[in-house]
Every structure is written in structure tokens, then in C-alpha cells.
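Okay, so here's the structure we're looking at.
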Amino acid sequence: MNALAATNRNFKLAARLLGLDSKLEKSLLIPFREIKVECTIPKDDGTLASFVGFRVQHDQWRGPMKGGIRYQPEVDPDEVNALAQLMTWKTAVANIPYGGAKGGIGCNPGELSLSELERLTRVFTQKIHDLIGVSTDVPAPDMGTNPQTMAWILDEYSKFHGYSPAVVTGKPIDLGGSLGRDAATGRGVLFATEALLHEHGKSIAGQRFVIQGFGNVGSWAAQLISEHGGKIVAVSDITGAIKNSKGIDIPSLLKHSVEHRGVKGFNGADPIDPKSILVEDCDVLIPAALGGVINRENANEIKAKFIIEAANHPTDPEADEILSKKGVIILPDIYANSGGVTVSYFEWVQNIQGFMWDEEKVNNELRTYMTRGFKDVKEMCRTHNCDLRMGAFTLGVNRVARATVLRGWEA
């Protein structure tokens, strides 16, 4: 089942639990707008190259649409639609005033020079500047993009609309980016894990963790969990996988990963087959890389008692059922990895106010939102007698449905 089919399935189950009107249910599922534009630029060698830019704007009933811009060679329309829809429910679960969006450009950023990437970003912004905005649609970095990409979008957009730092988030600090944004998703994973373990009479200290993915989210989660006394026993990334049952020295691994561009070859742990990372013995498993990695082929072999979904859609519905029967508790992605978009919201707020926060305030506010979010999800679980995934989906869908009805969707 692909990401869109799984997301639609979860939405429909939540709509059924909530008893939504069938017309309203259909309306909530259909994207508000899908945009596709041609972006032609001169390359450094003087030749012309054309790329397709796209943006799916899913829902705007609760506020401006919000979601990443990614640069990747193969653009799957179904995946983009699924991720835009997920952002709608994720922002509602986090209780921040946004709807969902997603987009980007079909290109391989590794094959383009810095000046070519800048030209491409500026042309894309020229094509969509009337369709994004501080109170309309607020992009952010995603796969293949970064704060510099956001800086180019901000500059190009400002040529048409005046200086507007709140039009994008995930910007460089010098252009109004928020302190704490880089660590936000990983820190949100920490707070979400703390909330779940506390519910079961446990704390992070002494628990054994396995983390699949050591990019921004996985590395920050590992660092923060380690600082709170958690034992990271296995880690993997695109270069390989390592294990040390006594616990990996995370500061040393972070240094090695920067110097060698990956975890492979780290001498403080033993190399293992990357395919086995998800089934290593641990208390808490954190998939923080790709979607669909936990499926019916490996679900029966997973030994973790808790799974924290730091990646988007890492668990297939078939695996969900298998793990549920085994008693494994899954903290779903639309709550667990919402720290990033929550701090993006803080950045947007700071830009609108023209008043920047210190990092301690950012982190304290994030803890408040993540803790309150978990309590709200648990309340829906009790109300509808469902698991955490359905609790999160019913919470998000219900908030969007209520806003939609209150604003008069049938008018």
C-alpha cells in the first residue's frame, strides 16, 4: 500500500469513528489546489534546461497552508498528495493554525551547481509567488533543500510583495530564522518519547534505543536521548549500520559521521547488516529515515516494545495490525515528528511580531505543545476506544472538520 492509499485509509477510518457527513468527508479529502509549472533556466555552460515545479495545497480551513519544498529527481504525485494531506492532519494534531501543503521541483540537486540551483529556485518562485504568502501558503525546507533555498525564495518573493520574512520558515538565522529550528524535529521526538514512556511508568534513562536514519532528525534524537540517559545500542544510515549492546558513544559517533559522511567505519561499535537494524533487540525503535520500512515481511521479527515514528509513514497498515497483535505500541508520525512544523510555526509568529525569542523559550514552548498534544491524542483514544494512530487521526480530522463547518463550507 503506497503512502496516499495508507493516508486515505486512515482518514476514512477516522471519519467513520467521528461519524462525519459523507459530503464533508469527500470535501476534506480533495486538495484545495494543485499547481504545476515549467521552470526553464540557463545552465552554467550556456545550454537551457527545463524542470517541472509543483505544489499541492491541501486545506486552508484552519489557516495558511504549510509544508516543505523538496528537490528530487523522481516526483511521485501520489506521495506529494499524501504528504500534503498528512500536513493538514499533523498541524491540526499539534493545534497550530495551519493547513497542509507540499511541493518542489523534479531535479537532481547534486547535478546542479549552486548558481544553477539559485536560478531554478528564483524562477520557481516567480511562477508561484501569487499563490504563496504569509497568510496563504508558507513553504519550508524538505529533501534536497535547505535554509539557503528558503533565503532565495524569500528574496525573490520580496521583489514582488515587499520584504516578507514570514513567507517561508527554516530560514538562516540572519534572515529571521528561529533558534532551535535545526534540532526541532529531533527534540520533538524526545518530548514525544518522554510523554509515551511516562504514560507507561518509564523514563528515557535506562531504555535501549535503536535508531534507523542518522540524518538531521535521527542524529538530533540520538544526541538528546543519550543526554537524557537513554542507551543507543544500534544506528544506521545510508552508508551502513553499527551496533554496540553496551551503548554507542553518541558524541564520538556524531564527530565520526561528519568527518566520514556516515556511520560506516565507526570504531566504537560493530558493523551489522543494515537490513537487520529494525529487528535488533531494544526497548524503543525509532525509524527516522524512509517510509514503508516496517512491513509485513519484518513486523513479526521486531523486538521493540515501543515504536516512535520519526519518519513519515514508516509503518505499513499490514505491519500495524501485526504489531498491534504483538502488543507493540506505536506513536504515529503525525504526532511524533510534529516538532519541526511546530517550531516553524514559532518562527512564523516571531517574524510577524518582529520579535525574536531566545532558544530556551523556543524549546520550552515546544515541550508544552508536544506534551499537550500527547494528552489530546490520549483523550481521543479513550473517547473512541482506539489505538494511538487512530487517536491522532481522529483528533486532527475532527479539528479540521469543525473549522470547515464553522466557516461555512457548503455556502
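Cβ from N, Cα, C; glycine included.
Keep in mind the model is a prediction, meaning the values are calculated, not measured.
Now, the feature entries from TrEMBL:
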type	residues	note
BINDING	K66, K90, S344	substrate binding site
ACT_SITE	K102	active site, proton donor
SITE	D142	site 'Important for catalysis'
BINDING	T185, N216	NAD(+) binding site
Spatially closest candidate among K102, D142, T185, N216, the listed recorded positions, to K66 (substrate binding site) (Cα to Cα): K102
Cβ neighbour count within 10 Å of T185 (NAD(+) binding site): 24
All-chain count of other Cβ atoms within 10 Å of D142 (site 'Important for catalysis'): 19
Number of Cβ atoms other than its own within 10 Å, given for K90 (substrate binding site): 28
Candidates K102, D142, T185, N216 (recorded positions) - the one closest to S344 (substrate binding site) by CA: T185
Whole-number Å value of the largest CA-CA distance among K66, K90, S344, listed as substrate-binding: 13
Those recorded positions of K90, K102, T185, N216 having Cα within 10 angstroms of D142 (site 'Important for catalysis'): K102
